[in-house]
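As given in Swiss-Prot:
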DOMAIN    35-119  domain 'Kringle'
DOMAIN    121-215  domain 'WSC'
DOMAIN    219-326  domain 'CUB'
CARBOHYD  Asn49  N-linked glycosylation site
CARBOHYD  Asn222  N-linked glycosylation site
CARBOHYD  Asn244  N-linked glycosylation site
CARBOHYD  Asn351  N-linked glycosylation site
TOPO_DOM  26-364  topological domain 'Extracellular'
TOPO_DOM  388-462  topological domain 'Cytoplasmic'
Amino acid sequence: MGTQALQGFLFLLFLPLLQPRGASAGSLHSPGLSECFQVNGADYRGHQNRTGPRGAGRPCLFWDQTQQHSYSSASDPHGRWGLGAHNFCRNPDGDVQPWCYVAETEEGIYWRYCDIPSCHMPGYLGCFVDSGAPPALSGPSGTSTKLTVQVCLRFCRMKGYQLAGVEAGYACFCGSESDLARGRLAPATDCDQICFGHPGQLCGGDGRLGVYEVSVGSCQGNWTAPQGVIYSPDFPDEYGPDRNCSWALGPPGAALELTFRLFELADPRDRLELRDAASGSLLRAFDGARPPPSGPLRLGTAALLLTFRSDARGHAQGFALTYRGLQDAAEDPEAPEGSAQTPAAPLDGANVSCSPRPGAPPAAIGARVFSTVTAVSVLLLLLLGLLRPLRRRSCLLAPGKGPPALGASRGPRRSWAVWYQQPRGVALPCSPGDPQAEGSAAGYRPLSASSQSSLRSLISAL
């Protein structure tokens, strides 16, 4: 690309700007407020040590005292998952959000998710009430059994909308700022349903929309705000093969500072280049074999062009980087006050579809990801041989923490049966292969699908 083309690209007109809102959970306008840059909070390294914010909820156990469970500081000797001699919430197994153990033994509910207000990736605006009349987001909508966050973002980006909302695990809605102006925030824990197309992502809840800015995971953009966040294409899904994406970066100031919050490329053929926008000269290049520095990276240019290319086989989590403009190349690295992100949200030029389609599963980070799909299959197998001492009662399963394994109910992946008969019920451990097992639960209603959306709603439905 020639110098004139680079200059022209830098100064492309950009779409109307999204204004910051105090209600936003993790807006791209305020990246400094977020402690997480992955959609499931696997990168959370904060200090919340209770399941609720500001002292609410149950206290977490110390990770160096949980050897009886599947995850402890002993299982993370290199600190890859952030475990250690502390009791802060973490996500060592790639679950949908950080969690912690709350009980010494695996009797009853021995772990819980953590509600961490500061752990929402920039670009996620929060959980909103959707009563349906009128809808929380008034633009086009669709459903998909393979819905992921990025599938919905791509759909709404293609339609020309600023915001995308995921609901009930399978529904996607598009909208604009005016919709959120009359919207009503819901508790973050209300958006607790797993995306049908990705076991490691949450897609809203029953009557609850998880709302995102569509610029998240965009393949191109023109970024001129004093500071902000740029994600790899298709984020929070993995980037796909043969991606060729560019972002023009020109915040006010004489120099730039970049900090990579996440960087995971598949191999040396997947490459991110940083070029001076005026001259086109290559300043730095990173790939799967040559990652960027862990700390801030300063560049003596006021305008930058980032280009990412993946090969025909490329699939990995990608990258998330924060940037800020510096008034002087020697400026001390201190975040400016009151800065705001002003992303452009142009339509992706490639890999877009008129209807939601499946995204790729997230890449394994160390040993933390255990397939939820496999776990569900194991649980279904266990269901066939569960206890049947109580006639005409139903058994519903909720996963424990640990690698999937068949065997006794006290195994590392134990399951829990909810035996209930209206109007009351009780949670009991399932013991596969019980000789008293008997037939189906004729005459007793099953829990509704919405009541099975998470461990929390499953137990609270009793």
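In case you wondered, yes, glycine gets a Cβ from its N, Cα and C as well.
The DSSP breakdown of the domain 'CUB' (219-326) into helical (H, G, I), extended (E, B) and coil residues amounts to 0 helix, 57 strand, 51 coil. Counting every protein chain shown, the Cβ of Asn49 (N-linked glycosylation site) has 17 other Cβ atoms within 10 Å. Cα separation, Asn244 (N-linked glycosylation site) to Asn222 (N-linked glycosylation site), rounded: 16 Å. Per-residue pLDDT, averaged across the topological domain 'Cytoplasmic' (388-462), gives 39. For the domain 'Kringle' (35-119), the DSSP counts in helix, strand and coil order read 6 helix, 9 strand, 70 coil. Set side by side, the glycosylation sites Asn222, Asn244 differ in how many other CB atoms lie within 10 angstroms of their CB, and the most is found at Asn222. Comparing Asn49 (N-linked glycosylation site) with Asn222 (N-linked glycosylation site), their Cα atoms are 39 Å apart once rounded. In terms of DSSP secondary structure, the domain 'WSC' (121-215) contains 19 helix, 34 strand, 42 coil.
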